[in-house]
Amino acid sequence: MKTEVLRCSDLLLSRSAQLTSARRHSLFPSRGRKMAPTHVLRCCQRGLAWIPVIFIALVVCWSYYAYVVELCIFTIPSIGEKIIYLIFFHLSFIMFVWSYWKTIFTKPANPSKEFCLPKAEKERYEKEERPESQQEILWRAATSLPLYTRTGAGAIRYCDRCQVIKPDRCHHCSACDMCVLKMDHHCPWVNNCVGFSNYKFFILFLAYSLVYCLFIAATVLQYFIKFWTNELPDTHAKFHVLFLFFVAAMFCISILSLFSYHLWLVGKNRSTIEAFRAPVFRTGSDKNGFSLGFRKNIAQVFGDQKKYWLLPVFTSQGDGLTFPTRLVNVDVEQATVTLHPEPNKSSADVPVSPLSESQNRLLSNEQHANNTGDHLANNTLKSAESETITISVESES
Ligand SMILES: [Zn+2]
Ligand SMILES: [Zn+2]
């Protein structure tokens, strides 16, 4: 499971190597003739990528047979115990399979058309050799887009492969060969990108697989001991029951670490990629840039309505293209520091640096969103006193 986390950094590193390949391809169309072997290789890669999923599916099918047939039907003598075990087993099994299915087959969300350069601008960008001039084109196109984040060098984030301006938190996945909104990581165990469209499903998949394994391990334990100590006779069920306990316990341990890590990430409103490399804002890199406080961070992924939290149905907030940030609060925080010596100064004197058009647009959206729910950033500008309170609360997140 650790390799899954590490793979994110690998993707980031390999991404830079791919950046200009699309442009090169358009400059050298004769390469199209050599595409056939590459295409075959790609198809093979796609087929092989399903091996981990097939492996998990086979293990799950066997665990179903071993638990229902070998344990419940052949081994457990009490009818009441059989029924109770089978009911709870099937509940956890259905929820696990449902969330696993949704994680695998939910298509990763991609940037919308407004993030593509207009045709004329794209042609100019491709013809342009100087990076400064290319950036100028991107900056012009980005003025109408709601973008908070930049590259490490402060430039507009652009994907040469997909030929699209990357929305905040969007990254290019080399395995899927596309830009994925709020990309978390590419998970080989689901053969899919985990991102904005399926992050909730992924968390639930981890949660229900943990419940499934814990339930099996807990209920199998007494029969495991009985078989182990030869209290029960040697039947064909023995092998299945012994093996079932070992497999369930092994999966429990590995899933638990990954699940706790992702719960921590949800609480911080950070993706795995952002945990490795903090997003860069106008004010510099900030690993807590998207954190809105614990409860709001949970709501970003699971939604407002608690009744849907445990169901693998899409309830995440937003459109995946724009995200509320702490940017305005960072400015206010700096302002508060300057205000401390003069606590009676009015909010009109707060030296908040001007925001760009796109940032203002996003800010107004944020304030509208916050007005409908409980209070956060919108109230921070009311008075210097309330600013200090709001920031101290948010800094805890
Ligand atoms: Zn891309
Ligand atoms: Zn991917």
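From the backbone N, Cα and C atoms, a Cβ is placed for every residue, glycine too.
These features come from TrEMBL:
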- 48-67: transmembrane segment (TRANSMEM)
- 83-101: transmembrane segment (TRANSMEM)
- 157-276: domain 'Palmitoyltransferase DHHC' (DOMAIN)
- 201-225: transmembrane segment (TRANSMEM)
- 237-261: transmembrane segment (TRANSMEM)
- 340-397: region 'Disordered' (REGION)
- 355-383: compositional bias 'Polar residues' (COMPBIAS)
- 386-397: compositional bias 'Low complexity' (COMPBIAS)
Per Cβ pairs under 8 Å, the stretch of 83-101, 201-225, 237-261 packing most closely against the transmembrane segment (48-67): 237-261
Cβ contacts under 8 Å made by the transmembrane segment (237-261) with residues that lie 6+ beyond its boundaries: 1, 4-5, 59, 63, 65-67, 70-71, 74-75, 203, 206-207, 209-210, 213-214, 216-217, 220-221, 223-224, 227-228
Residue counts (helix, strand, coil, in that order) that DSSP gives for the domain 'Palmitoyltransferase DHHC' (157-276): 68 helix, 16 strand, 36 coil
Long-range Cβ neighbours of the transmembrane segment (83-101) (under 8 Å; 6 or more residues past either end): 56, 60, 64, 67-68, 71-72, 76, 190, 201, 204-205, 207-209, 211-212, 215-216, 219, 310, 312
Long-range Cβ neighbours of the transmembrane segment (201-225) (under 8 Å; 6 or more residues past either end): 63, 67, 71, 75-76, 85, 88-89, 92-93, 95-96, 98-100, 102-103, 106, 184, 187, 190, 194, 231-232, 241-242, 244-245, 248-249, 251-252, 255-256, 258-259, 262-263, 266, 301, 310-312
